[in-house]
Amino acid sequence: MNNHIDIFNIPISKINLLDLNRQNLKYFLISLGAKNFCTEQVMSWIYNYYCDDFNKMLNISIKTRKKLYEKSYIFASEFIEEKISYDGTIKWITDINNQKIETVYMPEKKRSTLCVSSQIGCSLKCHFCATGQEGFQRNLKVSEIIAQIWQANKRLKEKNIKKNITNIVFMGMGEPLLNLKNVVSALTIILDEYGFGLSKRRVTLSTSGIVPALDKLRNMIDVSLAISLHAPNDFIRNIIMPINRKYNISSVLSSALKYFKYSNANRGGITIEYVMLDRINDSNENARQLSVLLSKIPSKINLIPWNSFSGPSFLCSNTDRINMFANILRKKGFTTTIRKNRGEDINAACGQLTGIITNYFKK
């Protein structure tokens with residue numbers, strides 16, 4: 001039934017069930033006259049069996065299935081392009097009404113991470129990030145966020161890839177906290193035992209620091225938090241991240257600390273992301289400034305070698321400089337890692353996502 005659904009001919013009154021978390025799905029099913037336990041049954045079909053055909057949901061009454069068909073549908077936008085890196089990273093592109101988003105799967109020995117997008121484009125215009133240079137189109141719906149995970153799991157199963165998705169990171173296109181309501185709703189589905197069932201410690205939301213939204217987030221959901229800091233002081237951050245002129249480092253870290261005190265998912269500390277830009281933010285003095293800045297913030301630091309794209313005149317810090325920077329932080333007592341570049345050859349690495357089709361390999 002739904003395998004070849006024409007999304008443009010669906011009545012506006014119909015609801016895509018991928019837009020509903022468990023609570024909202026329960027209210028919807030009750031409005032159809034279904035029993036309470038039907039909620040878990042429907043979610044199991046959707047998220048365990050990836051079923052988009054109500055006729056196949058045989059443990060649900062015919063009456064309820066008929067009403068579901070009349071009032072709702074299940075639709076996950078399919079990937080239209082796939083690129084596979086030499087290191088096993090896979091990048092998928094989704095077309096949503098002629099606008100593109102990208103999703104990246106990164107397999108490792110002990111885990112497999114899916115990087116999802118929360119917006120089409122991004123309004124923050126961080127100078128070192130390709131997504132921001134493409135401009136902002138719109139927020140993704142809950143169903144469009146969930147569809148990335150849904151389709152990724154289906155695609156991995158089709159490929160007989162046995163490495164299940166163990167971690168999900170909101171580090172793709174867009175600023176998650178500028179799509180707060182939909183991102184939080186999607187997160188509840190990701191964490192729900194009848195949804196994707198991931199642990200909150202295995203789900204990470206990365207933000208540039210939208211302070212009012214971050215303050216709200218701590219009362220909405222508990223997941224691992226990453227702060228895209230990228231500078232040891234406001235002077236540098238103002239230059240490379242224009243959002244800092246609105247929410248400066250002090251306000252961002254203050255809000256992050258409040259989230260940490262609320263959270264159980266961040267016991268090991270908040271992740272501080274720091275892109276390494278040659279002669280901009282990578283000096284020994286910058287490392288010392290960063291250590292002072294974070295001295296009262298329970299944190300672990302992830303240094304990110306800058307991934308190039310056409311446009312900016314940045315250079316990535318060389319390996320020796322990155323190692324020196326990391327060692328200074330380690331000597332100051334900070335857990336410091338250097339991110340391994342994944343998928344750089346297919347423009348799937350951190351800061352390279354644009355949603356532009358390049359015809360490397362089409363589905």
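Residue positions begin at 1 at the first shown residue.
Each residue, glycine too, has its Cβ placed from N, Cα and C.
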Can you tell which of SER206, SER250, SER251, SER254 Swiss-Prot lists as binding S-adenosyl-L-methionine with GLY174, GLU175, SER228, LEU229, HIS230, ASN307? SER206
Between C-alpha atoms, which of these recorded positions comes nearest to CYS122 ([4Fe-4S] cluster binding site): GLU102, CYS115, GLU175, SER228? GLU175
GLU102 (active site, proton acceptor) sits from CYS115 (disulfide bond) (Cα to Cα, rounded, in Å) at a distance of 9
Cβ neighbours within the same chain of HIS230 (S-adenosyl-L-methionine binding site) - under 8 Å, at least six residues apart: CYS126, PHE128, ARG237, ILE240, MET241, GLU273, TYR274, VAL275, ASN281
Close in space but at least six residues away in sequence, with Cβ under 8 Å from that of GLU175 (S-adenosyl-L-methionine binding site), the same-chain residues are SER118, GLN119, CYS122, SER123, LEU124, THR207, SER208, ILE210
For S-adenosyl-L-methionine, with binders GLY174, GLU175, SER206, SER228, LEU229, HIS230, ASN307, what's the maximum Cα separation in whole Å? 19
Give the mean pLDDT for the domain 'Radical SAM core' (108-344) on the 0 to 100 scale. 95
